[in-house]
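Pulled from TrEMBL, these are the features on record:
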| type | residues | note |
| --- | --- | --- |
| DOMAIN | 4-69 | domain 'PRC-barrel' |
| DOMAIN | 91-141 | domain 'PRC-barrel' |
Amino acid sequence: MRKSQDVIGLPVYHAQTGRHLGTVRDLLFDEMQRFCGLLLEDGGVFKPGRYLPSELIGAIGTDAVMADSEPIPYSSPQALQRWTGMLTGQRKLRGRPVMTEQGQALGMVEDVYFLENAGTLVGYELSDGWWSDWREGRKVLRAPCPLIWGEEILIAPAVGWQMDE
């Protein structure tokens, strides 16, 4: 199980040539909340950005990501709209409120936990604000089924979710 913030900022290397391919800028998930790949840093003014699909990732280590192939260029942010990023995009996860179906506020998303081999989200690290984070630490929400990713909030099921302090 990995935290997105442990992966963001890691260098990406080609596993056969050892060439540096870029740095992880964000993790991307599809509408089924499956890990789809990595967004690498912007290519600059005259270069397109790059995306590394999950099937081209050989390993996500503690110090680097090893890629089996070159990242795929994309020409505009609109090309990535089918995915939800942790930090980027119109529907980024970080900072979004999480509520139960009964209307109970659980906190704001600060990080996500995922299984890179299975490609699934398994938990959400939630914050109640910096004071609460400092005094009590952040909470981890684990749900047996995917949360509803609404337009403005994430919605946890009525039953079955677990909050770890």
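Placed from the backbone N, Cα and C atoms, the Cβ positions cover glycine too.
Given the structure is predicted, the values throughout are model-derived calculations rather than measurements.
Per-residue confidence over the domain 'PRC-barrel' (91-141) averages out at a pLDDT of 88. Helix, strand and coil residue tallies for the domain 'PRC-barrel' (91-141), in that order: 7 helix, 26 strand, 18 coil [DSSP].
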